[in-house]
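Colleague: Copied straight from TrEMBL:
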- 6-30: transmembrane segment (TRANSMEM)
- 83-104: transmembrane segment (TRANSMEM)
- 124-149: transmembrane segment (TRANSMEM)
- 316-339: transmembrane segment (TRANSMEM)
- 351-371: transmembrane segment (TRANSMEM)
- 391-415: transmembrane segment (TRANSMEM)
- 436-461: transmembrane segment (TRANSMEM)
- 467-488: transmembrane segment (TRANSMEM)
- 532-553: transmembrane segment (TRANSMEM)
- 565-583: transmembrane segment (TRANSMEM)
- 637-670: transmembrane segment (TRANSMEM)
- 728-752: transmembrane segment (TRANSMEM)
Amino acid sequence: MVLGDVFVLWFVPAAAVVGILFALVQWYIVSGVSVGGEGKGNNGYLHVDEDGVSDAEVVAKCAEIQAAISDGAESFLATEYQYLLIFMGIFSVIIFVFLSSVGGFKWERVPCEYDTAQECPSTIAYAFFTTVAFILGALTSTLSGYLGMKIATYANARTTLEARRGVGRAFIVAFRSGSVMGFLLAANGLLVLFLTILVFKLFFKDDWVGLYEAITGYGLGGSSVALFGRVGGGIYTKAADVGADLVGKIEQNIPEDDPRNPAVIADNVGDNVGDIAGMGADLFGSFAESTCAALVVSSISSFGTDRNFVAMSFPLIISAAGIFVCLLTTLVATDLFVIKGVKQIEPTLKYQLVISTVLMTIAIFLVSWYALPDTFTINVVGHDPKVVKNWHIFLCVGSGLWAGLIIGFVTEYFTSNTYQPVQDVADACRTGAATNIIFGLALGYKSVIIPVFAIAAAIYLSFSLAAMYGIAVAALGMLSTLATGLAIDAYGPISDNAGGIAEMAGMNHEVRETTDALDAAGNTTAAIGKGFAIGSAALVSLALFGAYVSRAGIAVVDVIQPKEFVGLLVGAMLPYWFSAMTMKSVGKAALAMVEEVRRQFRTISGLMEGTAKPDYKRCVQISTDASIREMIPPGALVMLTPIIVGTLFGVETLAGLLAGALVSGVQIAISASNTGGAWDNAKKYIEAGRSEHAKTLGPKGSDAHKAAVIGDTVGDPLKDTSGPSLNILIKLMAVESLVFAPFFAANGGWLFRL
């Protein structure tokens, strides 16, 4: 180890600042595309469409539609955040009271656990700082989601306008905009966490164990907001999407995103509040939790006893290095490589994953070599300390990084209509919706196999080399290229919105074909992003589980014992219960949306002829009201279950519950996300009609296309509500259990004691 404390104090915040500045530069470049006089340029494009619509009219229409989408998204998030502020206040009180009660609400300093000769802060002080960390994490997660939404709604119309100049120009705008979100979120999360550690250090001094256990509140806050953002946003977007598709495409036989469809604005708003704001908060939560898990485990290792600040900051240095790697990777797509055709879109996005992974591998080796001691020990509960070498950690982080790449490639194979699995699903539409659904479900189940093996291999290697610390840094490895992953993920909804705006603005078919190609690639990248989120959630949850077991003083989790086995069984059931609640919530909201859309087509004279405008605001309000109302029960299930189980049944039963939820939830989440993604791209495969096989299934409005639309509609809540939310469920319950572990260890299990 050759790096000193000064290097860490400068390198980590410097990387965050560079990430923020790079994001601002990308935003400035995107702003060069003018929308209604907002930008700083004139687009350099003067044209009259084939239907006689002038350039000025197109720009004005795009600006009007963009404003409607932005206003709808802002309105929803403002309402959602009001409820989240109430939740944050109530849960902050719960954290403070529960943790303060462990020491009998005393202010006196107590003997340190790692060294009884030393005195550490009181339990009230620990509870206070944990609560502060929780609030900071929640606020940062909220900011991440909001910034993502603002960037996406700023970029959607600009992508549409650039699509008139070719697929390459449109791709660059969408990808640059995605990178703005990716770098802002990664940099803000790292900067706030690092500054929080430095401020807390002024109080905790040399009590690294207490400091990093208090910091776990940061991860809890981030994931709490992410849960409600994913569930609420997912219900919003899918209620609108299902209503728009069922009535518009199936019953009225009008195109997707047709301006005559009353639910079309709500559908496009949903892309931003669900796929963008919810996804941003979700991946921020994964980053915060994986970092917190690694910090907690490192504090009880020889790093903590030796007070080695550089080695304990290893997770932060990895994330900082990842920002520089992602910056170089992004420049390849935006400045070094020019897309000239639609067939180059998916390979370019795939190269982003490969390049970032290769460069990050080199960075991980350098950081492991220079930031860690040659040899150190990791404490393992119930066992002798584990002797670890710095190159072991390189292999642990690398295994998580490459497992993420494998998951990304497998997800692409099973969800992209370039490959056989999705084409088989599309072919099944020949005989109706039933066979389409059967093939889609089979595809989803099959897509679980390789990702689970990849995760299992990373877990086995990491644990063998460095116990739970190895698993924690493996999760961090999977998230080390977070900025690139977010850029690729955000690109999808931006392209989807761009296609909707093109249709609503009455642009010619060539522009719509360009945006459809961008959108099809975006569906695949969204599925890849969800695969990363689910895979990292599995590793993060296991690392948090290990930290919880250590904090709760559990020597062995023995599933043969009745307490643990009961928890295991109930935990495996929870993802099904949670999925049932979210799926039914989408169904109920979609019912209301379908009835409203039907009512407007039935009662508004001239709507189908295009001489009258639909009431878009009514559909936006239905989605907003339904999502806010329906997000509370699933959120309560996740937040209250660890507290109830830990308090009533004790730490052993809760350990079993966490293990069961992890094993079950990961596999349901992967299956649901890939099934929905495959159905969506099977529909787009038929609509595009680029191959001879696709032409035999189309065109739009054919029986095969209608069957594909039904499959896509069934898959919508799977891929955008239940599936993505499940990864938050497993990691949120784990980090919540870790935060409340002192209370459960001291006061839990009173029902068994009775």
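From the backbone N, Cα and C atoms, a Cβ is placed for every residue, glycine too.
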Colleague: For the transmembrane segment (436-461), give me same-chain residues lying six or more residues beyond its boundaries with a C-beta closer than 8 angstroms to one of its C-beta atoms, as numbers and ranges.
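Modeller: Sequence-distant neighbours of the transmembrane segment (436-461): 395-396, 399-400, 403, 406-407, 410-411, 414, 421-422, 424-425, 428-429, 470-471, 474, 531, 534-535, 538-539, 542, 666-667, 670-672, 674-676, 678-679, 682, 707-708, 710-711, 714-715, 718.
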Colleague: Do the transmembrane segment (391-415) and the transmembrane segment (728-752) share at least 3 Cβ pairs under 8 Å, sequence separation 6 or more?
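Modeller: In this chain the transmembrane segment (391-415) does not contact the transmembrane segment (728-752) - fewer than 3 Cβ pairs sit under 8 Å.
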Colleague: The transmembrane segment (6-30) and the transmembrane segment (316-339): do they have three or more Cβ pairs under 8 Å, with pairs 6 or more apart in sequence?
Modeller: yes
Colleague: With pairs 6 or more apart in sequence, are the transmembrane segment (565-583) and the transmembrane segment (728-752) linked by at least 3 Cβ pairs under 8 Å?
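Modeller: Taking Cβ pairs at least 6 residues apart, the transmembrane segment (728-752) and the transmembrane segment (565-583) are in contact, with 3 or more under 8 Å.
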Colleague: Cβ under 8 Å, sequence separation of at least 6 from the ends of the transmembrane segment (532-553): give me the contacting residues as numbers and ranges.
Modeller: 213, 216, 219, 279, 282-283, 286, 289-290, 292-294, 296-297, 300, 379, 381, 400, 403-404, 407-408, 451, 454-455, 458-459, 467-468, 471-472, 474-475, 478-479, 485, 651, 654-655, 658-659, 662, 666, 669-670, 673, 723-724, 726-728, 730-731, 734-735, 737-738, 741-742, 744-745
Colleague: Mind checking which residues of the chain, 6+ beyond the ends of the transmembrane segment (467-488), have their Cβ under 8 Å from one of its Cβ atoms?
Modeller: 19, 175, 178-179, 181-183, 185-187, 279-280, 283, 286-287, 290-291, 293-294, 297-298, 301, 314-315, 318-319, 321-323, 325-327, 329-330, 349, 352-353, 356-357, 360, 363-364, 378, 380, 386, 388, 392-393, 396-401, 403-404, 458-459, 461, 525, 528-529, 532, 535-536, 539-540, 542-543, 546-547, 550
